[in-house]
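Enquirer: I'd like to ask some things about the structure below.
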């Protein structure tokens, strides 16, 4: 009968927020990055402050910081964390061409802030898209990834090093 | 004096939510995509239902749908919209290797749902990362972009067609 | 191979917010109820205003009203709706003994407000529990159900009438 | 004069978030339950995966987990808590007939997670209702109550034992 | 008996979100203002961009815009509204000395946006305080009031004109 | 070139959530106040319970308490804090004439709760305005300021004492 097997499937596949209560409270930090690729003219329009919606840099930075604080409200199995620092940096890259976002999040907690850093970078990129989309709808958000994390039982991690 | 020039800068660069009240209420739809690139083994673990946190597909789909509804709460200058449909599809792609997310959002409104579709795709991708990060921290979220939009004054738009 | 069948399962079982764009905007209303069963002494303490946390009636009513507005943020596939009225009434019932909550929600929209009324009733009941739990932890929230709905394509509905 | 007596009433009845700063941070856990009673055919349709909106079990579980994290945002006098684990289990019960939800929440904190467990159970039940309401509007959410709690000054508590 | 009279009191004093369904959808606008009074040196430090937390103007403007969209989530009896435009302007006033905030909100809706404009102005002022409080804790937020509203059954209104 | 100078501006002016990880967890408390000035008749109508929307005192108190918990979600650079107590008191003042709000917030944390107390006072005042605005649109919210704070590295502070 289908009910029985479905229930069994549920038991093995059921989403749950894993228990972190046995982990130690330590200082943890995570750095994530992402970018928005666009036409050279769009980048120049942003850098010249010609975007009609307003200041792209300031708006994207604040959106990223606020998103970091809401990560547990967006990602279903993330733990709520009392983040102690959030920094979102945005740099133009004429080779891309586009903007590169770097988000750094710190916390003293039982679990890490990788998702907070990735969420901050993603939402800052989406905000850049929103600000400039009247100029170019074809912009692409990409390369959102963890650069480094420190603290916690699993120790430090650097992108590119063997896992 | 610095105050004067700063105020002037503010006047030209100040972020604001643009007025859409003169636009028509029409049926609008947007489709956005994104993907998570991972090792082949990580993809197989996901497809085999071996991720300890639970069902990756169901969790990411629901996270994407709920994020679409909160877009205006995340992206500072987005208008709140009564979205009338949201669909988030996730497909494995062994050539990537990884998972591809496609989000489709519909609304009857004065402004479009591009940001809602992009936000749904991004948050679904971030959720996939969160579910599987214990297996592979080096996964990359990328290629988040608009595929198509319809409705509204600016008419239909397809990625790849001339803007 | 497992991936194929999982994908197939996803196609049939994937959660999605159903499209309501073809439905008409009409005046819709829903009435839901629920109750909190408690010991007679607990009810008397509430009615006498002896609950240390403060006024149970006012707090539960406001919690219910605010929850109605957040229904789409709590229930994954609910559409965001511009509710036009919310009323939460709380009556003592010495036969229960306990408190009965009735929530009435109205909207002009393409879809109904059953979930808004049920969510308002549920959160009002949970708030009553929270206010009085220092007196009695064994209180039970129950009988949360739709009493009536009006408007929309499916027409009027009354609890107890044949569906 | 009415102002004076009203002010006096306020002083005694004013809602406030009680001070927990003097309580100890201890490991605390709470288990709550609830159920959705429905017709036997509705239960069979859910178990057979025939609900048009998608997977009832996965959607309700995730809704319950996310609601646990928002409890303090819904229940006016609840303290914000860094929940360290949330599990929502859903089982069919053909005798009911219907589905039974059990929510287990853990935290290391100065106050308990009874309301988080009750909120998770309630929202999971409401989500089940939402998913299946096109099949049966007369379903009833009921028997939402605390099964057990542990930790904290007041010690362990089991439903059914003398308070 | 106390229960009876309390219930009676509830019936007359119970908070409820009033029904606006009979009102017309019209273009409505509201303008609200507020200010933050501070020492002349604090104002100069803000204007010179010397505040360690970052750009006061950009941060406060974005906070005000985002708060306007959340008004119904903060003010218990406010209706959720699809605001169509939000503008937050901040000007230095050396006579105050301090900063003056003006928020303008537009909507096409059955009810007005006075509370949205007032909330935007208030949260922008609070954000200014937060940014500069390391320099001066004694700043005062004041004079938050409606300047004008237009649209709706009650017609136009200007502060200072007879009500 | 404009990009270079803009980037430089960003480096100095970029908003960021400052790092509090090196600060000690101590008991901290903050008291803030604010008021709503109105006509004498409006105050009498409020005190007589004649406001059509319902109980002004209870609604404003609960709105203030709930807003304190959301401060970090409203004020971009505020840290999320596990507030341990919130009290909102509202007193009539016939000399104003109007209502005076006092909010007291406590926490055990690495940073203070000044913004939480100010936000609670502001939102309680805005709620009073919302409840009574049908009677008088010209009410003014003002004098929102910190009265005192205790705890933390900077020690105690009292409004009026030299900073």
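Just so you know, glycine gets a Cβ as well, placed from its N, Cα and C.
For D:130, the entry in TrEMBL reads active site. The substrate binding site annotation in TrEMBL covers D:77, D:78, D:79, D:115, D:116. Sequence annotations record features per position, and here TrEMBL assigns domain 'Molybdopterin cofactor biosynthesis C (MoaC)' to D:17-152.
Structural setting of the listed features?
Expert: Non-local contacts of residue D:130 (active site) by the CB criterion (under 8 A, 6+ apart in sequence, same chain) comprise D:53.
Counting only same-chain residues at least 6 apart in sequence, those with a Cβ under 8 Å from the Cβ of residue D:77 (substrate binding site) are D:15, D:16, D:17, D:18. In this structure, residue D:77 (substrate binding site) belongs to neither helix nor strand by DSSP; it is coil.
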Enquirer: Using a 10 Å cut-off on CB atoms, tell me which of the binding-site residues D:78, D:115 is the least crowded.
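Expert: With the binding-site residues D:78, D:115, fewest surrounding Cβ atoms within 10 Å: D:78.
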Enquirer: Where does residue D:116 (substrate binding site) sit in DSSP terms: helix, strand, or coil?
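Expert: Residue D:116 (substrate binding site) sits in a helix per DSSP.
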Enquirer: Can you tell me how many other Cβ atoms are located within 10 Å of the Cβ belonging to residue D:79 (substrate binding site)?
Expert: 22
Enquirer: Treating G and I as helix alongside H, and B as strand alongside E, what does DSSP give for the domain 'Molybdopterin cofactor biosynthesis C (MoaC)' (D:17-152) in helix, strand and coil?
Expert: 45 helix, 45 strand, 46 coil
Enquirer: Taking 10 A as the limit, how many CB atoms besides its own sit near the CB of residue D:116 (substrate binding site)?
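Expert: There are 27 such Cβ atoms around residue D:116 (substrate binding site).
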Enquirer: When each of the recorded positions D:78, D:79, D:115, D:116, D:130 is checked against chain C, which show a C-beta distance below 8 angstroms?
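Expert: Out of D:78, D:79, D:115, D:116, D:130, D:78, D:115, D:130 lie under 8 Å of chain C.
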